[in-house]
Amino acid sequence: VYRLHGRYHEMAPNVVPMDYTKDPDVKLPMQLIINMPELKENPFRERIVESFSEDGEGSLSFNDFVDMFSVLSEMAPRELKAIYAFKIYDFNTDNFICKSDLEKTLNKLTREELTAEEITLVCEKVIEEADMDGDGKLGFADFENMISKAPDFLRYCFKKK
Amino acid sequence: SFSREAQLFVEKFEGALGKGKGKKFYAYKVMMTKKWMKFQRDFENFKTACIPWEMKIKEIESHFGSSVASYFIFLRWMYGINMILFGLTFGLVMVPEALMGKPYGSLPRKTVPRAEEASAMNFATLWDFSGFAQYSVLFYGYYNNQRTIGWLKFRMPLSYFLVGVGTIGYSFMIVIRTMARNANEEGGGDDTSFNFSWKMFTSWDYLIGNPETADNKFASITTSFKEAIVEEQESRKEENIHLTRFLRVLANFLALCTLAGSGYLIFFVVRRSQKFALEGLENYGWWERNEVPLRWQLGRIFALFLGNLYTFIIALMDEINLKASYLLPFMIFSMHLEEEKIVKYNMTIWEASLYNGTIPENSTAPPIQVDPADVPRGPCWETMVGQEFVRLTVSDTMTTYITILIGDFLRAVFVRFFNYCWCWDLEYGFPSYSEFDISGNVLGLIFNQGMIWMGSFYAPCLPAINVFRLHTSMYLQCWAVMCCNVPQERVFKASRSNNFYMAMLLFILFLSTLPAVYTIVSIPPSFDCGPFSGKTRMFEVISETLEHDFPSWFGKVFGYASNPGLILPFILLMV
């Protein structure tokens, strides 16, 4: 935790106090966080920061900061990772991953290299594969069901050096 | 929030552990677990980085798809096989002969004949693998038939024989084993529900911090999506079964026609050369003269044959190569029988002329010292066959490299720089950048390997040449692909075609080892060259070894065990 505090402090030394015993109310804006080397290349960095931020706008207090890195670490349990993964991919924060969320995810993943036709095909296939309750979008139950069967999920997602 | 819950949890835990010593031990355990997981991950990364060319292939895979990458993986696998073959031929055949055999110049078979001495060191001669290259450990003819050589009593002929048989056996084993492994994997890999969902949610590697790695990862994700999309589209298309069947039959028929046509062309050429051979023999009625004119005739025939051969090679490369090299041993051998008779007769005349009639025929005489370069030589068809294979391989390699340089590189340069001053858009119309021709390259690789398998018994240097060729080919083609080629329009997955190429390789392996096996079993070796000279059949070296080196009871047991009735079921069981 001390290391994290050091990193947090590094990003804005004027704002972040060294002494946290009085529980001050300090938040760092999103722009600073997404430029951290761990997140810089990540296509989902804005979503990651937004989902951990308490006020929903992307500013992280130190507590949020710690939360973020603890979920991203290897020690976090699988269910917790699934919950936050769902939040990250849910772009319009309606607690469902609908078709437009899927389209945005796909565009971020492929840096918009696919044609519109291909994108539609992929999104349709995803909903076809994972939607169990037939409402045309993925609820958390559908998402968790699909993720729990994925062999690579624990290995490649959400690990921190 | 989460962190408040966590804080409460930790406090509870601390209380349970007690103070001081308990806390330290727990912290220590956590630290060790973390270190162990990090070590495991680093070791996995290290192992992957150690596989030769893995990084290159991953880069190609991310930009061009799994099918192009599968060609390079196939190339790497072939390289591995050839390394082992090289190890066997180099370590057990070439090195012992070079270190412990009689040196160059001590025996007639090891010396350049007097007539050829003047040109033996020329680059042109060496490039053609005659001259000094021919009379060296590189070819069959150099090896002496002495049963043991050197102070280690290394059994050279036996070693040569076993290495020959061993390379064939090893190749069979490894091809069949890889086919079985591929078949197993394929059965399990078809069950992919959630294919697209997993690709979407789990393909990004959150550990990536390096921009270049990120670029590669984006490219590979895009390619992977494109492959899956193509597969999906293919499965959705309604197929007209009759049309596809008709097209398939037509394609097969055309292929058969070209094969038959080329087979007839080769047959025609062989007949023509045989006619020349007969004509040549008739022109020289007196055998007492030295054999140089005869040799010249044969050389002419070979030149004609080779000229035709090389024309055919350029015309119909792959198939002709294999069939021509298949016919070569038989063609050369038929001429060899004629020549042997002539030379044997010649040698008796020559020996008599040495003594100049001073000593009567039936008495023994002190042997006259003759320089090995002056002794007339028996024909050595094995070396000739080996030379042909080596020349074919070298010319094939040159052709491939030049095709890549001209067809891909120069074309790309032309399109890139002349696009500004050309009437139509060079990049989209003709000629545009070339795509990577996977099937052509794979087939070329397979046929090349067929030639190596066929020829390595007669020229132990072939695996070495092939290792060098594959090594340079890997670098050249990796560079050419990344620099001059564009990805294909539709990217296909590699899985199903893999076993097809393996099956083809197995078939070619079987075809190429037939001549060598036939030679060992039924053709008498040349009387004047090679490790088996003087025997009636090559495999007699085994019975000879059993007689001399093993106790007598072993020979009897082996005699019973070598009953074909036992050996065949044993081989079938192994397969």
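The chain as shown is numbered from 1 upward.
Including glycine, each Cβ sits where the backbone N, Cα and C put it.
Positions annotated as domain 'TMC' by TrEMBL: B:380-495. Summarising the annotation, TrEMBL assigns transmembrane segment to B:77-99, B:120-143, B:158-176, B:246-270, B:298-317, B:500-521, B:553-573.
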Long-range environment of the transmembrane segment (B:120-143) - Cβ separation under 8 angstroms, sequence gap at least 6: 93-94, 97-98, 101, 104, 109-112, 156-157, 160, 380, 382-383, 386-387, 390-391, 457-461, 526, 529-531
Counts by DSSP class (helix H/G/I, strand E/B, coil) across the domain 'TMC' (B:380-495): 83 helix, 4 strand, 29 coil
Other parts of the chain folded back onto the transmembrane segment (B:77-99), taken as Cβ under 8 Å at six or more residues beyond its ends: 137-138, 142-143, 149-150, 154, 156, 159-160, 162-163, 166-167, 170-171, 174, 178, 445, 449, 452, 456, 460-464, 466-467, 470-471, 474
